[in-house]
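S.K.: Take a look at the following structure, please.
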Amino acid sequence: MGEFSSFQLGVIGALFLSVASSVSIVICNKALMSNLGFPFATTLTSWHLMVTFCTLHAAHRFNLFESKPIDMKTVMLFGILNGVSIGLLNLSLGFNSIGFYQMTKLAIIPFTVLLETIFLNKQFSQKIKLSLFLLLVGVGIASITDLQLNFVGTILSLLAIVTTCVGQILTNTIQKRLNVSSTQLLYQSAPFQAAILFVSGPLVDKFLTKQNVFAFKYSPVVLAFIILSCIISVSVNFSTFLVIGKTSPVTYQVLGHLKTCLVLAFGYTLLHDPFNERNIIGILIAIFGMGLYSYFCTQENKKKQADPLGSQMKDKEGTPYLSLEKEGQEVKNSDKDSHV
């Protein structure tokens, strides 16, 4: 029971850190991009990852955590996949309307459930599915304003969904199957994620914004917000890996939609963004769905604790590991709650 209580405290801490850091960086980036005119989201993300790696490298040199070697091919493919997923999400936003982009993010949960059911034989109860449905309906009502379709944007959105889901499933799978912590996995993979975005970021941003990130006039205020954004990103990236490792990709996506609701609420309260009754109704439905999801997950976890042998046997039979090192078969799933 002591270990279970410690695990619960760890999960609560990870969830709180993820929500606080993500909402903070969204507000910071919104001020940077909307108010200060710095539109280079993909390049900014590459700087986030480079700062994250440098911070973890310094922490490693001071023996704050122990690095654990992971198969280089696994880490490289994992890092590149996550970098590509971020670029695709940003391209999806550039080619689609805001409403269709929100639909893309909403589609990540059901697609993750589908992948885990097919490839990992993971079972989701009807109660869990109902709570997820209410959550998605609520977020859809609160955030979707229009649904303008186009062929290129649709293809990019589908690719973004697939790479995001696969990357997040891998985040959870690698940590559990290779017995590495979230810090160790992030430390190993961050350089590859940063590299792919550092190379592609300026090109993607120039294509989307028609501006050159290297020709931008960096005022002291812009530099201050960029530095603040990079500092917050260390916590965002760390908490992302931590939450997925301690819970599941689906729970992380649920948390991401909670962040969406909080950002909408903060936007209205602090930044005086437009807000109407539909937004309020959608947020309330989404929060109700999240509450049900948390309650049903807690009940199912209690049942597993009451019958640990049965749940372990079920996990062994129901989650075949697709070996990343020996067999070369990979099950992947990744999500950024948002491009930061």
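Using the three backbone atoms N, Cα and C, a Cβ is placed for every residue, glycine included.
From TrEMBL, for reference:
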DOMAIN    21-294  domain 'Sugar phosphate transporter'
TRANSMEM  38-62  transmembrane segment
TRANSMEM  74-93  transmembrane segment
TRANSMEM  132-149  transmembrane segment
TRANSMEM  155-173  transmembrane segment
TRANSMEM  185-204  transmembrane segment
TRANSMEM  216-238  transmembrane segment
TRANSMEM  250-268  transmembrane segment
TRANSMEM  280-296  transmembrane segment
REGION    304-340  region 'Disordered'
COMPBIAS  313-340  compositional bias 'Basic and acidic residues'
S.K.: Name the range, of those listed as 38-62, 74-93, 216-238, 280-296, that has the largest tally of Cβ pairs under 8 Å with the transmembrane segment (155-173).
M.R.: 74-93
S.K.: I need to check the long-range neighbours of the transmembrane segment (216-238): which residues 6 or more away from its ends have a CB within less than 8 Å of a CB in the stretch?
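M.R.: Contacts of the transmembrane segment (216-238) (Cβ under 8 Å, skipping residues fewer than 6 from its ends): 17-18, 20-22, 24-25, 28-29, 31-32, 36, 38, 40, 44, 47-49, 51-52, 55, 182-183, 186, 190, 340.
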S.K.: Do you know the mean pLDDT across the domain 'Sugar phosphate transporter' (21-294)?
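M.R.: Computed over the domain 'Sugar phosphate transporter' (21-294), the mean pLDDT is 86 on the 0 to 100 scale.
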